[in-house]
């Protein structure tokens, strides 16, 4: 093989940062990141965005130099992504907060409601049930983070953790405050409404878990390559026949059921925001599938079968 040369420029100033000589043609972008890191130790690989075009998308680690539209001298552009944090750590921080914050309100700590001992527990069974369901949801998420999820991208910008925690932790406090408030009133249709909501909640949680396992299985061998997910023998995965991101469909269903169970306005608002955000993510993922796979099932929608 004829060795290649790689010139790396700053994506904004177009100033040359380094010139790598005698690079193997079959070198991957990951290997080029490591070479760049040796020259600039402060920019570890996770902080680096390497592009073919200053305004283009970042090249993936597994892409090979000789397969890119470059000559024997390749010009690449570098962008500093800033300090990074691992996705596993991100999720553990995001999901541990709501779990414990909810308990502060559930146990009606005196500094929250300013009550005496006569009001430290709720007379409504649905309040206890809501606490169990809320805790189950976030414990499940923590377990999935450690044992199920496989991330195509290992990190995210450290600055985003503050924004994400404010969202998850803040909403957990807001929901818990009203659900566990001494003046809270149970759902209008009583046990029938609650029982229906609990069944719906458990089905959606099972569906969400099943989809996460199915997606994880696509990366079982450590591959980060995007693949088309298909239904398996598990009936909960059959939603893949109709939507690209059934994990989001089930997640929204979980919060709809929690809204029905508690009949609480803040929960409904949180569910609406979840739906909007997950629809955005689902559309982006759906577009990625359509762009990367010419044979992608044309009848699939991003998040809601036949509609959206």
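Using the three backbone atoms N, Cα and C, a Cβ is placed for every residue, glycine included.
Caution: TrEMBL annotation is automatic and unverified by curators.
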Per TrEMBL record, range annotated transmembrane segment [choices 166-184, 280-298]: 166-184
From 39-61, 62-84, 85-107, the residue range that TrEMBL assigns the feature transmembrane segment: 85-107
Selection from 85-107, 166-184, 196-215, 235-250, the stretch that has most Cβ pairs under 8 A to the transmembrane segment (256-276): 166-184
Same-chain residue ranges lying at least 6 outside the transmembrane segment (166-184) that approach it to Cβ under 8 Å: 94-95, 97-98, 101-102, 104-106, 108, 112-113, 115, 119, 122, 124, 127, 130-131, 134, 262, 264-267, 270
